[in-house]
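Working notes, structure below.
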């Protein structure tokens with residue numbers, strides 16, 4: 001394996017939104033999207049970068065959306081939590097097909113399917129070059145997978161949270177709706193709060209801020225974007 005001395009990050013926590021997995025579909029998992037992401041991850045693994053992964057559930061069921069439709073919010077969030085396990089298992093299976101050693105750890109017990117999360121075990125797996133996929137969010141309703149990503153990032157002592165989305169970074173407004181939206185290359189934690197930018201929910205963002213954990217938001221669909229970030233290129237938006 002090649003040395004990673006020329007890379008600025010040694011251990012990363014990659015957060016991928018569920019919407020990224022659905023690709024061109026309106027619902028579900030697009031296998032081609034999964035394969036593309038796995039190839040991006042495999043590229044950085046070849047240089048010794050350790051990768052923890054959290055996947056959202058928006059391609060299947062989002063708790064907040066179900067709640068708006070009349071489903072009890074706690075039940076809605078439980079459905080979202082289970083959906084992250086589905087996404088995580090699909091990701092692991094594609095990783096297996098690319099000969100990438102990976103492990104799914106769930107915040108809730110799912111005996112016979114995946115191991116229950118333990119941070120010491122997770123760090124040991126990462127140190128042995130396994131991709132650790134953290135499923136089931138925080139294990140509790142009312143918390144997003146962004147909160148789970150920041151929490152796991154802190155626990156495993158990751159160097160940075162990399163939030164892979166379908167846009168190039170953080171904008172003043174939704175760039176798909178507003179052509180005049182301003183793109184931000186760098187922001188402070190204070191900037192994000194003052195400008196009320198939708199980077200993450202406040203609980204997740206506060207976790208990262210309080211532990212001085214930098215966040216970079218980038219377009220995971222851009223080829224080699226993940227590689228460029230760990231190499232030190234100024235891809236997307238950096239928040240610190």
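Quick reminder: no glycine exception, Cβ is built from N, Cα and C everywhere.
The annotation in Swiss-Prot ties 138, 139, 140, 141, 142, 143, 144, 145 to UMP, and of the candidates under consideration, 77, 210, 234, the one tied to the same site is 77. The record from Swiss-Prot ties 15, 16, 17, 18, 58, 62, 171, 174 to ATP, and of the options 165, 188 it ties 165 to that site too. Residue 15 (ATP binding site) has a Cβ environment of 28 other Cβ atoms inside 10 Å.
When Cβ neighbours within 10 Å are tallied across all protein chains shown, the highest count among the binding-site residues 17, 58, 77, 143 belongs to 77. Residue annotation for ATP gives 15, 16, 17, 18, 58, 62, 165, 171, 174. The furthest Cα pair among them is separated by 23 Å.
When Cα-Cα distances from residue 15 (ATP binding site) are compared across the binding-site residues 77, 143, 145, the shortest belongs to 145. Comparing CA positions across the binding-site residues 17, 58, 165, 174, the one lying closest to residue 141 (UMP binding site) turns out to be 58.
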